[in-house]
Structures are given as C-alpha cells and as structure tokens.
Amino acid sequence: MKTLLLTLVVVTIVCLDVGNSFSCYKTPDVKSEPCAPGENLCYTKTWCDRFCSIRGKVIELGCAATCPPAEPRKDITCCSTDNCNPHPAH
C-alpha cells in the first residue's frame, strides 16, 4: 500500500511539473505569454531607428533558447526567470 501511495505522489508531482511552462513578456502586445518548449530565457532588445528622437528606442521582448547574438547598435539583455523582461517603460 505504501508503494502505491508513493507511486501516486511521484506521478502527481511529475504531471504538475510538466504543466508548468516558462513565460516571458513578448511584443508587440507586451503581455506575458508561455514560451515554446526549450526556450528558457527571456530577452529584451532595444535600438534606435530613424524615429528614435520622436518616440524613443524600439523595444523587442521575447523568449529564446539561447541569448540572441550581439548586433551593431542594439542592446540585448537576457534573463532566466519567469517574466523577468518587463517593458522598460512600464
């Protein structure tokens, strides 16, 4: 009986853990959304375009399996906890 109970507890924990998903803020809606399996990083990418002096930097938020590579004139930060990439203006 103890073995059956222990088995049920382990199965329950495994099933609950599978149901949990990693979430990040994503643009354009700037809302928290689940990431695809294997994407366990959130990123924030900012840069200036030709309208930067009028509206500020362009901001891209999303999920990634690895931190996006550096790009000229773009600031990229990554983090590894749920919703750790809020919009800088919020």
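The backbone N, Cα and C atoms fix where each Cβ goes, glycine too.
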**Study point:** Disulphide pairing with CYS63 per Swiss-Prot - partner from CYS35, CYS84
**Key:** CYS35
Exercise for review: Tell me, from CYS24, CYS48, CYS52, which cysteine Swiss-Prot puts in a disulphide with CYS42.
Suggested key: CYS24
Revision key, fill the gap. Going by C-beta under 8 A and a gap of 6 or more residues, the same-chain neighbours of CYS24 (disulfide bond) are SER32, GLU33, CYS35, LEU41, CYS42, TYR43, LEU61, GLY62, CYS63, ASP82, ASN83, CYS84, ASN85
Exercise for review: Kindly assign CYS52 (disulfide bond) to one of the three DSSP-derived states: helix, strand or coil.
Suggested key: helix
Check your understanding: Roughly how many angstrom lie between the C-alpha atoms of CYS52 (disulfide bond) and CYS78 (disulfide bond)?
Key -> 23
